[in-house]
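S.K.: Take a look at the following structure, please.
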Amino acid sequence: MTQIDYTRAAKYFLLQDFWVGMKLGLKYFFSPKATINYPHEKGPLSPRFRGEHALRRYPNGEERCIACKLCEAICPAQAITIDAEPREDGSRRTTRYDIDMTKCIYCGFCQEACPVDAIVEGPNFEFATETREELFYDKEKLLSNGDRWEAEIARNLELDAPYR
């Protein structure tokens, strides 16, 4: 005669697995959602986030770049091109500052190499384009990015200062 396993039979007839599954489903149904609705909601960004490039200015409006070309030299993708001319006061300023964003690998070496924090990778990550030519940034485009994002860039650099 076969032995009846009463605990197994009780589980089967009382639908224990079904109720455990229902409890788990209801737990997750009423818990807060982990997913955000992206275009309408945005998650937090780290102060170290590396997004769209920008050239910064001093508070008096003068561009920060001193044409030392360290960013051009350190760029592993060779995406940065700089031409410079000396000024009457002996300092140098750029006449051409181009970044080919199709080559850029967003490593942040240009930002680390810059002695005056002129070139930074800003907080903007939504810069999709329709044509390839729009991804070739010239000096004017980089300066306008810097003007647009200056407040957030300055805040992020201040938050990151203890770690630099």
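Backbone N, Cα and C define each Cβ position, glycine as well.
Annotations for this protein, taken from Swiss-Prot, read as follows:
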| type | residues | note |
| --- | --- | --- |
| BINDING | CYS65, CYS68, CYS71, CYS114 | [4Fe-4S] cluster 1 binding site |
| BINDING | CYS75, CYS104, CYS107, CYS110 | [4Fe-4S] cluster 2 binding site |
| DOMAIN | 55-85 | domain '4Fe-4S ferredoxin-type 1' |
| DOMAIN | 95-124 | domain '4Fe-4S ferredoxin-type 2' |
S.K.: Could you check which of the binding-site residues CYS104, CYS107, CYS110 is the closest Cα neighbour of CYS71 ([4Fe-4S] cluster 1 binding site)?
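M.R.: That would be CYS110, nearest by Cα distance.
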S.K.: Please report the distance from the Cα of CYS104 ([4Fe-4S] cluster 2 binding site) to the Cα of CYS114 ([4Fe-4S] cluster 1 binding site), rounded to the nearest angstrom.
M.R.: 16
S.K.: Show which residues of the chain containing CYS65 ([4Fe-4S] cluster 1 binding site), separated from it by at least 6 in sequence, have their CB under 8 Å from its CB.
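M.R.: Counting only residues 6 or more apart in sequence, the Cβ neighbours of CYS65 ([4Fe-4S] cluster 1 binding site) under 8 Å are LEU55, ARG93, THR94, TYR97, VAL116, ALA118, ILE119.
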S.K.: Could you round the CA separation between CYS110 ([4Fe-4S] cluster 2 binding site) and CYS68 ([4Fe-4S] cluster 1 binding site) to a whole angstrom and send it over?
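M.R.: For CYS110 ([4Fe-4S] cluster 2 binding site) versus CYS68 ([4Fe-4S] cluster 1 binding site), the Cα atoms are 12 Å apart.
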S.K.: For the recorded [4Fe-4S] cluster 1 site formed by CYS65, CYS68, CYS71, CYS114, name the remaining residues of the chain with Cβ within 8 Å of the site's Cβ center, in chain order.
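M.R.: Those within range, site residues removed, are ILE66, ALA67, LYS69, LEU70, GLU72, ILE82, CYS110, ALA113, PRO115, VAL116, ALA118, ILE119.
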S.K.: An 8 Å radius from the center of the CYS75, CYS104, CYS107, CYS110 Cβ atoms defines the neighbourhood of the [4Fe-4S] cluster 2 site; name the other residues of that chain inside it, in order.
M.R.: CYS71, ILE74, PRO76, ALA77, ALA79, ILE80, ILE105, TYR106, GLY108, PHE109
S.K.: For the domain '4Fe-4S ferredoxin-type 1' (55-85), report the average pLDDT of the model, please.
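M.R.: Mean per-residue confidence for the domain '4Fe-4S ferredoxin-type 1' (55-85): 96 out of 100.
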S.K.: Do you know which of the binding-site residues CYS68, CYS75 has the most other C-beta atoms within 10 angstroms of its C-beta?
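M.R.: Counting every other Cβ within 10 Å of each candidate, the maximum falls on CYS75.
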S.K.: At a 10 Å cut-off from the C-beta of CYS110 ([4Fe-4S] cluster 2 binding site), count the other C-beta atoms across all protein chains.
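M.R.: Looking across every protein chain shown, the total is 24.
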S.K.: Tell me the Cα distance separating CYS75 ([4Fe-4S] cluster 2 binding site) from CYS68 ([4Fe-4S] cluster 1 binding site), rounded to the nearest angstrom.
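M.R.: Here the two Cα atoms are 14 Å apart.
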